[in-house]
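Now, the feature entries from TrEMBL:
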{"type": "DOMAIN", "residues": "1-296", "note": "domain 'Ammonium transporter AmtB-like'"}
{"type": "TRANSMEM", "residues": "55-74", "note": "transmembrane segment"}
{"type": "TRANSMEM", "residues": "81-101", "note": "transmembrane segment"}
{"type": "TRANSMEM", "residues": "113-136", "note": "transmembrane segment"}
{"type": "TRANSMEM", "residues": "157-180", "note": "transmembrane segment"}
{"type": "TRANSMEM", "residues": "192-214", "note": "transmembrane segment"}
{"type": "TRANSMEM", "residues": "226-256", "note": "transmembrane segment"}
{"type": "TRANSMEM", "residues": "276-294", "note": "transmembrane segment"}
Amino acid sequence: MVKNVVDVVFGGLTYWMFGYALSFGPDPGNNPFVGWGEFFVDAGPETMGQKFTTFIFQMSFATTATTIVSGAMAERTKLTSYIVFSLFNTVIYCIPAHWFWGAKGFLNDLGVVDIAGVGPVHLLGGTTGLVATLLLKPRTGRFCEGQSAPPMGCPTNVMLGMFMLWWGWLGFNCGSTFGIRGGKWKLAARSAVSTIMSSMGGGLSSLSLTFILCKGKFDIADIVNGILGALVSITGMCAIAHPWEAIVIGLLAGLYTTGTTRLVERLRIDDPVGVIPVHLVCGLWGLTATGLLLSRFGILNTRTVDNKLHINSRKIMVSLPPRSDYQYQDVPDILTRTST
């Protein structure tokens, strides 16, 4: 828990100092790889609403990406060393965030859709967690012959934490529509429905699979990770997914987390809280699912014009970077999209 405090205190500080600048800085030097400008974020009366809203929301994403890694490093790092990591992990987040959401980001120019951070937050955090646990090596005695994995400390607390994340995800996904004015409340409502439906799918598949694999018993970790993996997977297209698409995405995510957890164990990779299956694997699945489903059902052309994301020439989402002054007159056409 102290490491989570460190993530906000030190990671938030460095995001204010240079993270926002490298993600969304608009000054000369801003390019498809990295932003530049507006170090030590501040704003005047004319721009403070847009800039500070973007800053605080993106700072929460940046610190979340670091918190993901802390689970993979559990019980193997000194707090002082982790503070140094938290200070500089901001750089690892803010550059990919520019690729996806920066006005000149190269993935943004290619039309990549990522509404709530399945790539820059979850896939990135899962990948960083994998690298960290490989560098740190397993905990002492973790994979000794004849020795099973250490028991879960308190399953009740684990379930409580899952509920906190479950409802908190609604805030992240719905909040990624960046408001409720105009047609944005419709996107927020769809985000809420798709988020819950996906988590239901993940819970259903992970409950079923763990019952089979554990021979009539249920594994708490499998259930929790199945639901969280489904939540990760839907973040990429939460505001534009149909309920049945969300369920399918979640169902597969639950299977992926349960299967990957056992694969990681066989490979003797010490991942105490399931960072690799939940964030890396399901982050990759979430990006893939977004591309597959949007292409299959007619949303083929995405581009950014005047910092607004357009899909089939209709403005449906927050700007890249997000702003608060959009008009969404074409939203209903997307909300009722049909197969081509």
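Every residue gets a Cβ built from N, Cα and C, even glycine.
The shown structure was predicted, so the numbers you read here are calculated from the model rather than taken from an experiment.
Scored by C-beta pairs under 8 angstroms, the transmembrane segment (55-74) has its highest count with 81-101, from the stretches 81-101, 192-214, 276-294. Of the ranges 81-101, 157-180, 192-214, 226-256, the one with the most Cβ pairs under 8 Å to the transmembrane segment (113-136) is 226-256.
Note on the domain 'Ammonium transporter AmtB-like' (1-296): its mean pLDDT in the predicted model is 91.
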